[in-house]
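K.L.:
Reproduced below are the annotations present in Swiss-Prot:
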| type | residues | note |
| --- | --- | --- |
| BINDING | HIS82, HIS84, HIS253, ASP328 | Zn(2+) binding site |
| BINDING | HIS82, HIS84, HIS253, ASP328 | Fe(3+) binding site |
| BINDING | ARG91, TYR154, HIS187, GLU256, SER333 | 4-imidazolone-5-propanoate binding site |
| BINDING | TYR154, ASN330, GLY332 | N-formimidoyl-L-glutamate binding site |
Amino acid sequence: MRPVDLLIVGAGELVTMAGGPRRGERMKDAAVIPGGALAARDGRIVAVGPEDEVLRTVETGPDTRVIDARGRAVIPGFVDPHTHLCFAGDRAEEFALRLGGATYQEIAARGGGILETVRATRAASQAELVELGLARLDQLALNGTTTVEVKSGYGLSLADELKQLRAIRAMARRHPLTVVPTFMGAHEVPPEYRSRREAYVDLLVEEMLPAVAAEPGLARFADVFTEAGVFSVAESRRILERAKALGFGVKVHADELSDLGGAALAAELGAISAEHLLHASDEALAKLAEAGTVAVCLPGTSFCLMNAPYARARRMIELGCTVALGSDYNPGSCPAYAMPFIITLACMHLGLNPSEALAAATINAAAAIGMEAEVGSLEVGKLADVVILSTPTHWHIPYHMGMGVVAKVVKRGRLIVDEGKVRRR
């Protein structure tokens with residue numbers, strides 16, 4: 001008998017997602033244990049299986065938290081592999097412009113879009129960014145996210161990018177969610193460099209990336225927005241090759257607005273993920289599959305932009321890609337952070353069934369940030385990151401449009417969300 005400090009019993013279904021990241025037909029296999037149970041000690045899972053088997057192998061004590069799921073579904077905590085949640089200000093006016101027919105590109109050409117958030121974020125202090133970020137992490141937790149990637153990219157100067165990354169690091173230290181930081185100084189060309197783009201690329205390669213690499217814990221990945229009018233394929237290659245040389249994993253915002261070649265570049269460089277992919281060709285998607293680069297679909301962005309297509313997730317699966325889902329939470333093109341809602345959009349607009357969408361939002365999303373050995377599934381040895389739904393099965397997530405489906409959230413074996421309240425400590 002093994003002593004445990006967490007025991008979850010009474011699951012209507014225990015959705016384990018065991019067996020690693022999924023491709024093809026395996027995405028439909030959620031590895032469900034009817035009437036399953038889970039036990040953990042010191043933040044890690046020590047037993048998972050049918051309830052009677054688990055109860056025979058573990059020992060509870062006076063300090064053991066026993067949670068009765070009462071016939072509801074128990075699933076892995078959601079992993080959001082793509083957010084921009086460290087920012088100041090908002091872009092509600094931009095939303096109104098889109099309702100009036102303005103496109104993302106038209107708003108950006110007027111000096112809005114990303115640059116609007118850059119101005120607000122530059123004006124904010126690091127402490128202000130931390131407090132804003134902590135409040136947003138609370139909202140993610142309330143909606144079942146237990147691991148989240150957070151990008152910089154609203155500073156676009158050495159000092160402001162470092163400020164953003166330090167704010168991300170500080171909020172990670174003060175919040176129970178696992179936060180994976182990504183440097184994205186190549187999110188846009190700042191106004192002061194518009195007439196000398198090459199000088200900004202030089203700054204990224206020669207100063208920003210080395211400075212970020214020199215400070216422990218600031219970033220695990222580097223990302224580039226490879227798009228017409230932002231960074232060309234050649235510029236992106238130069239930035240990402242330098243990032244790789246400095247030890248960063250690399251990611252690419254690829255083929256969101258046009259088929260520029262970002263997805264093919266991601267495959268060429270062995271990027272851990274390529275993201276957006278609305279206009280990626282079959283040839284490029286096949287290259288992603290061959291390279292093992294995770295294809296991260298962000299249906300919330302297409303939904304919020306209204307006039308954008310959706311990524312061809314069904315085709316990605318047919319071509320052998322590892323398909324993941326993320327929120328792309330940001331103040332402009334997707335002010336939505338709830339992964340249950342993203343799962344709903346994936347089922348309605350990307351052609352995924354609920355099991356495929358849940359795999360894409362858990363174990364495959366974990367692979368998109370190099371965390372699949374730690375999170376994304378309920379298996380012995382992994383972090384005890386668990387969501388207890390308010391519904392009897394995971395298929396009810398999109399059925400309820402992602403609303404009100406999260407009852408409790410456990411992070412590293414500790415109950416952090418209960419009855420609509422977040423417990424940071």
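Heads up, the Cβ atoms here are built off N, Cα and C, so glycines get one too.
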K.L.:
Would you mind ranking the binding-site residues HIS82, HIS84, ARG91, HIS253 by how many other Cβ atoms sit within 10 Å of each Cβ and giving me the lowest?
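P.N.:
Result for the binding-site residues HIS82, HIS84, ARG91, HIS253: minimum number of other Cβ atoms within 10 Å at ARG91.
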K.L.:
Write down the Cα-Cα distance for HIS187 (4-imidazolone-5-propanoate binding site) and ASP328 (Zn(2+) binding site), rounded and given in Å.
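P.N.:
Rounded to the nearest whole number, the Cα-Cα distance is 13 Å.
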K.L.:
Let's check the environment of SER333 (4-imidazolone-5-propanoate binding site): how many other CB atoms sit within 10 Å of its CB?
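P.N.:
Total other Cβ atoms inside 10 Å, all chains included: 25.
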K.L.:
For GLU256 (4-imidazolone-5-propanoate binding site), what is the tally of other C-beta atoms lying within 10 angstroms of its C-beta?
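P.N.:
By my count, 26.
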K.L.:
CB neighbours of HIS187 (4-imidazolone-5-propanoate binding site) within 10 A?
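P.N.:
Other Cβ atoms found within 10 Å: 25.
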K.L.:
What subset of the binding-site residues HIS84, HIS253, GLY332 lies within 10 angstroms of ARG91 (4-imidazolone-5-propanoate binding site) at the C-alpha level?
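P.N.:
The binding-site residues passing the 10 Å Cα test are GLY332.
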K.L.:
If you measure HIS84 (Zn(2+) binding site) to ASN330 (N-formimidoyl-L-glutamate binding site) at Cα, how many Å is it?
P.N.:
5
